[in-house]
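Asks: TrEMBL lists these features:
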REGION    16-36  region 'Disordered'
TRANSMEM  78-104  transmembrane segment
TRANSMEM  124-140  transmembrane segment
TRANSMEM  152-172  transmembrane segment
TRANSMEM  192-212  transmembrane segment
Amino acid sequence: MIDSLAQAPAAEQPVLPVGEVTSPEPAPSRKARASRALRASGKAQARRAALAGLCMAGWSASVLVGHNMDTAQEVHRIGLAVHILALVISFGTILVIDWIGLLWLMGKREIHEPGRLESAAKPLIWGGLAMLLASGAFINPDLGSIPTRVKLVCVLVLMLNGLAIAPLMHWLLAMPSTTRFGEVARGLRARLMVALTVSQACWWTAVLIGLLNSTLRRWTGN
Ligand code: HEM
C-alpha cells in the first residue's frame with residue numbers, strides 16, 4: 001500500500017533531516033544521498049521554471065505578432081492549414097494519454113502506461129503546441145473579442161499545467177506497476193485529478209472557441 005511520496009524518485013523526494021536518521025545505514029552515505037536528492041530536486045525545479053518562462057515568452061510573442069500583423073489571404077490560408085494540422089498532432093495525443101489515464105483509474109490499465117506514453121509523446125504534444133502558437137500568429141487573431149481572449153488564456157494555462165504534470169508522472173512511474181488509483185497517496189490523487197480536469201477544460205475551451213471564431217468568420221465573410 002502506498003500512502004506517501006516515499007516512492008518518488010530521487011529528484012522529487014522530500015529529504016529527511018539528517019539528525020532524524022534511525023536506520024542502521026552509515027550516516028555519511030545517508031547524508032550524501034540526501035544532499036544529492038536536494039541538488040537534483042533544485043535542478044528539476046530550475047528546469048521547470050525555465051520551461052515555464054519559455055512557454056510564457058512563446059505565448060506572448062504569438063499574441064503580440066498576431067495582434068500587430070495583418071496577413072495576406074494566402075498566408076492566412078496556409079497558417080490555418082498548419083493550425084489545424086498542429087491541433088490534430090497535439091490535441092489528438094493529449095486525448096489518447098488522458099484516455100489511458102482514465103482506463104488506469106477504472107483499473108483496466110497498469111499505472112505505468114499513461115506515464116510511459118506521456119514521456120514518449122512529449123515531442124508530439126510540445127511540437128504541436130509550438131506550431132499552434134506560431135500558426136496562430138499568422139491568422140489574424142482578434143484580441144478585441146472576449147471569446148478569443150478566453151481562448152488565449154486557456155492556451156497559456158494548458159501549457160503551464162502540462163509542465164506541472166511532469167513531476168506527478170515521475171511519481172507514478174516510480175510506483176510498483178500493480179498500484180491502483182485508490183492506493184496512491186490522497187494528495188497525489190487530488191493533484192492528478194485537478195491537473196487532468198484543468199487540461200481537458202482548457203483544451204476543449206480553446207478548440208471550441210477556435211471553431212466558433214472560424215465559423216463566425218466564414219458566415220460573416222470577414
Ligand atoms: C492550444 C492551442 C490552440 C488550440 C487548441 C486552437 C484551436 C483552434 C481551432 C480548433 C480553430 C478552428 C480551425 C478551423 O477549423 O477553421 C482555431 C482557429 C483560430 N485560432 Fe486557434 N488554437 C490554439 C492556439 C491559438 C493561438 C495561440 C492563436 C493566436 C495567437 C490562435 C488563433 C486562432 C485564430 C485567429 C483562429 C481563426 C482562424 C480563421 O478562421 O480565420 N489559436 N484555433
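Quick reminder: no glycine exception, Cβ is built from N, Cα and C everywhere.
Distances, neighbours, how buried they are, the whole picture for these features please.
Replies: Beyond the ends of the transmembrane segment (78-104), by six or more residues, the same chain brings 71, 110-111, 113-114, 117-118, 121, 124-125, 127-129, 131-132, 134-139, 181, 192, 196, 199-200, 203, 207, 210, 214 to within a C-beta distance below 8 angstroms of the stretch.
A Cβ distance under 8 Å defines the sequence-distant neighbours of the transmembrane segment (124-140), meaning residues of its chain 6+ beyond its ends; these are 58-59, 61-63, 65-66, 69-71, 75-76, 78-80, 82-83, 85-91, 93-94, 155, 159, 162.
For the transmembrane segment (152-172), the residues of the chain that approach it from at least six positions outside its boundaries are 5, 7-9, 11-12, 44, 48, 51-52, 55-56, 59, 63, 111-112, 114-115, 118-119, 125-126, 129, 132-133, 141, 143, 179, 184, 188, 191-192, 195, 198-199, 201-203, 205-206, 209, judged by C-beta separation under 8 angstroms.
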